[in-house]
Amino acid sequence: MSAQKRITLYMASASPFPHRVRLALEEAHATYEMIHISLVDKQDWYQKKVYPDRAQVPYLIYGGPELHPDEAPSPDAAKIPESLVILEFLADLFPAAHLLPSDPVLRARARLFTTAVETELLPAQKAFFLMGGPPDAMLAALDALQARLPPAGGFAAGPQWSIADAAVMPILLRLRMSVTLEVGFFAPGAAPVVRAALESPRFARLQRYIADNVARPSMAATWDEAAVKAEFVGRFEKLRSLKAAQHHHHHH
């Protein structure tokens, strides 16, 4: 095994996207360092020195010396944005960890599942959480997701955990948290409807899937519910004040 280059992950707790990467890193038993970026008031140095284009998280640095806040990554290091690209990179980097199945058909299944998360679940969640969309559309997306799971058990792509599970779980956990706390730009009464449905027999397979993932050490190492809740609520309050200011600005 060749010597492992240093891995540094710029991340934030509330966002599901760095969580995807952390799950894969934990499943690979990788050594990595994290630098926290606040989503409530993003540090100027992050955009200036680290990720000038978009200043989003996650952002993975592969190689170079140890990094600290307010430092620029080494010019020689690889700099990789986009959570799903990072997941594939980690599957390539740690072949022995089997973050993707070795069977080509199951690999395709993993990627189709992830594609559905991006093109179906995320837009539905955004419409529901940010735009006050109807609960029916959110539940329909969850029905479709549940229908993609192997009915008898196991994970997204089959019996083994894969990066497809890393792609979806952070979104499901934060969706569940948002409807439980009723923190979101929901239509009136929408959050309790989705919460009740998620706890009902209609979503028994999805509940089991979530429980199977939560039981893994990778989730125990990366899901700090109190920290996520605090940042999640803080980020929501900031969004709400920005929306209120915009609204006020448009209607004076």
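Counting starts with 1 at the first residue shown.
Positions of Cβ are set from backbone N, Cα and C atoms, glycine also.
Per TrEMBL, these features apply:
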{"type": "DOMAIN", "residues": "5-98", "note": "domain 'GST N-terminal'"}
{"type": "BINDING", "residues": "LYS42, VAL57, SER83, ARG235", "note": "glutathione binding site"}
Per DSSP, three-state class assigned to SER83 (glutathione binding site): helix
Nonlocal residues around ARG235 (glutathione binding site), in sequence order (Cβ under 8 Å, 6 or more apart): ALA14, LEU39, VAL40
Max CA-CA distance, Å, over listed glutathione-binding residues LYS42, VAL57, SER83, ARG235: 20
Surrounding CB atoms that lie within 10 Å of the CB of SER83 (glutathione binding site), all protein chains: 25
Composition by DSSP (helix, strand, coil) of residues within the domain 'GST N-terminal' (5-98): 33 helix, 17 strand, 44 coil
Residue among the binding-site residues LYS42, VAL57 whose Cβ has the most other Cβ atoms within 10 Å: VAL57
Helix, strand or coil at ARG235 (glutathione binding site) [DSSP, three-state]: helix
